[in-house]
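Just below is one structure, and these are the notes that go with it.
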Amino acid sequence: MASSRRAIQGRLIAAFRTEAGERITDMADCLAQLDQSHDEALLEQLFRDIHSLKGAARAVSLSSIESLCQAWEGLLAAIRKGRLELNDDHIVLGRKAYQCLSQMLNDLDQPEPQSLPALCRSLRLAGDGRKEAAPPVADDAAAVPGDRSAVSAASHHPARIGGDSQLKVKADRFDQLIYIAESLHQSKLEAGQYLQMVEEAQGRFSEWHRMSQEIASARQRLDRGNESGDVQAVSTLVACTQRMETFLARWENHLNKLARQSRRMEHNVAAISDQVRQELQEILMLQCSEIVHGVPAMVHEIANATGKAVNLAISGESLHVDKRVLDSLKSPLHHLLRNAVDHGIETPEARRRAGKQDKGNISISFVHGNGGRFSLVVEDDGRGLDPGEIKTKALALGVIDREISEEMSNAEVAKLAFRSGLSTSSIITDLSGRGLGLAIVRDHIEALGGQVDVDSQPGQGCRFTFHLPTTLATYRALLVQVSGRSLAIPATHVERVLRLAPEALKSVEGRLNVRVGDAVLPAWRLRDVLSLPAPDTTRQSWVRVAVLQWGDVRFGLLVDEVEGDQEIVIKALGPLLARVPNVMAATQLGDGRIVPILHPQDLYQTACGTTSAPVAEQEQAGLREPPSILVAEDSVTSRGLIKTILESVGYRVETASDGREAWERLQEEPYTVLVSDIEMPRMDGFELTARIREHPDLAELPVVLVTALKSREDQEKGRQVGANAYIVKSSFDQGNLLEIVRQFV
Amino acid sequence: MDVLIVEDSVVVRQLIRHILEEADCRVIGEVSNGEEAVAFVARQRPDVIAMDIHMPGMNGYQASRRIMETRPVPIVVVTSSENLADGTTAMRVLEAGAITVVQKPQGPGHPDFEQHARELVRTLRIASEVKLVRRIPRRDAVPEDTSLNDRLTPKVIAIGASTGGPQAIKALLGQLRADLPWPVLIVQHIAPGFLPSLREWLNETCALNVRIAEQGESPQAGQVYLAPDGAHMTLDARQRIALVNCNGDGYLCPSVARLFDSLARHVGGRVVAVLLSGMGSDGAAEMRTLRQLGALTVAQDPTTVVVNGMPGEAVRLEAAEQVLTPSQIAEWVAGLYRTHGEKSL
């Protein structure tokens, strides 16, 4: 009994830490906002938080917390009931109570603060509508208003009290997950059944082992050349062959069945996996209000400490966004707010001089956007960024040169604040106070697939906008190949993919340009940007260009192959590779390959700095005429099909409807490869091949025979007449044909 | 016993669950606000609901009303009594149809834990067994005219009540005028700590002044005296209030029996004795004695009680001369004093 009681006590304390952590954060927000407006709903919420914290403290026998809550609650109850009117004294008392509470919550084992009884008495007296004759509560160190260090000690990390982070999930979400888990269970049973089938099939191989022994001994007898034995051995072999045929037929049947069932199971499992992912993703969609928890208190606290007066407005926080996005958004948001209060908003005197209201305004808004994106806008009406200061620093660091700096607009200058070189410099450090620089803020946002934007009017204020995806779970990416490696580019930044004739690529002053519509964009070979080795031979008839775009920046990247776009799951690189140039994260493809996901903004910067600008000649050299292929085939359908397949990968294709026509064309014009049918009127494929091999100019022409015939003799004949490859139409598929043709171009 | 816990603090939910499970009760659900409670009851049927009051969104009062209007389930209000306002709200939840109120338990580290836990479980068990009748609002018929000519004028009204009592007392007192010529003595069994809330709540709606009885005072006409926590309220020979310590004398504390017994000794038949809704049989036998002495005795009409223990027993023992609803009792009392107005204590 005693041990079970200790166990429950331990569990309750753990739960208490979490609950208290949430409530104390909430209280801080309410207090900060009550300071601005005496709103009834806020009062109600504060009351409820205190009331519930009291109940929770009681359940874990923390009587000093319980009694403080009790006294505070009494005061608020009197205000709620209309017996008292909320005044500034009440808020001051409330703040003291809050500080005392967070101090006690920070260390539950500490003895209660000495000021507690006096504070409780003040709260009770205030609740009765009386004020103390003597100066209220002997302020202990933690309760001096405006003392920055003390405030921080008591309340700076209220959320930390709440141990492990928890996620609140609507119960009915789980019903769906349970349903899915049940279908998964079904698939598990099926998988077990298939395993059994496969094992049974495996067992049948004992028959084959017996047979192979018989065959081996029959062969031995044949080898020894004993005549009477020969007859016996041959009849054994014949018998074995027959048995083997039945055995294999049975096996084929069996394999077909297994394949069919496996396909069905694959289908089911895929559906379940998709559902689970989708459900979990929806569970992970939280209201943006999650990240503004604690924000009003923080803003209030910094404002107090720096002698500013600030109104904070929050809007759109009911928007639902992926928890992982929100989590990573927290520190950038805090950073911006800190900047805004500390450096953006002026002191009341300065504001008055500038003809503004004493109280500065800061607004946080979450704005729903299109295509699964949203924006977080943090705006203040303070002094704005100083373009002169930024410019001076940027010049000093050599980030820009004087000529350019003269022409830069304020908006362009403001954007410089995000440059990493600048963020560590003194002016930006001044600008950002402490913690992360703006460059790191930008990195945070970009790692989420987002963009940052800043708009600053000197003297009027500053607006930061983060454009972000609402969900992270899956991500579309363009898979490309460069120098034999697969790489992924976030699809959100890929405007389009082009297959261009080499002429579309222009070289201007040693730099490449590509014409896209009416625009001429700068272009680089991705291989050069990433300093990858050039492949041995470039047999490219087309240039493949991915056009990347974000904000105003558009540029082309030349790649070797485009594998297509697909959904990928982002895997972070881990703390050891926190920041790898040009790489944002990695993903694992279905076939197990690990593919890096490129960082478009980084790529652009690296590309701009690529001194060895790709020269046109080098480029053109790799881009010779597309190989031309002659297809000889009498069936219109087959001819069309083969032509289409070959053209789809960029070959130039001409056709002939029989062997003779093909022969004539071959003499008129050079071709890289001939693809020919065997059975054709007038001249068949064998004859055509034979003639080609005898012709002095054409002898080296690669010939690929395609036929419906599936006979060994034909194949042998094809080889004899000098064909380079032989494809049976029944085994004919696109990949197969292309693969063979590629060997000869 | 299947219990639904409605409570917004995770910690308190865990504590209550632990207490209930230790006592072999089944917690079939935990929800954190009123809306969820209403939705839960629409899907599943607990035997009893442990209901908190202050919750975000729909609070305990609103939720209880909704549940009692739609799918009645016995509700026990679980709240702390330190705060008068909370207690009064708890009383209002009783009016909304909750059965009774119980102290939110102290944690396992507290010396009172065991006792609170036992009390919580006991109260929930009692409530879970209450058969809820969907109340059909009806006009109270005027009670039959009782001839009082051959009866002695009453000097005092004494009321005994337990589970379901606060609601009935409020209905009864609410209809009495401030110039009532007799004092009213009430013994109401209630969880320790809730008495001030009860008084506050009654005072909000009654014309009469409701107070907690003090040692040695003489009951005054038009005043209502509630027996305090932890003591029996009796009248002594000089007809002053005498509070007697409860020390394991085998009675509930405070007990209706002790009050009625002292009235029988010192006031005789000049008493109006009333037994309202409640578990058990406290005061029924003593009411019979009073009736034999000529007192006017009433039991609450079983169609209006939450639990028909005490009034039912009074009827069974033929201790009750009349069986009336609370507002009928009020009218009947008013009728009495129209005829006997001036002749009180």
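Every residue, even glycine, has its Cβ placed from backbone N, Cα and C.
The coiled coil annotation in TrEMBL falls on one of the ranges A:80-107, A:248-275, A:696-723, namely A:248-275.
Cα separation, A:HIS51 (phosphohistidine) to A:ASP677 (4-aspartylphosphate), rounded: 88 Å. In the three-state DSSP assignment, the secondary structure recorded for A:HIS51 (phosphohistidine) is helix.
Here the coiled coil (A:248-275) has a mean pLDDT of 85 out of 100.
Sequence-distant contacts (6 or more apart, same chain, Cβ under 8 Å) of A:ASP677 (4-aspartylphosphate) comprise A:ALA632, A:GLU633, A:ASP634, A:SER635, A:SER638, A:GLY685, A:LEU705, A:VAL706, A:THR707.
The Cβ neighbour count for A:HIS51 (phosphohistidine), using a 10 Å radius over every protein chain in view, is 28.
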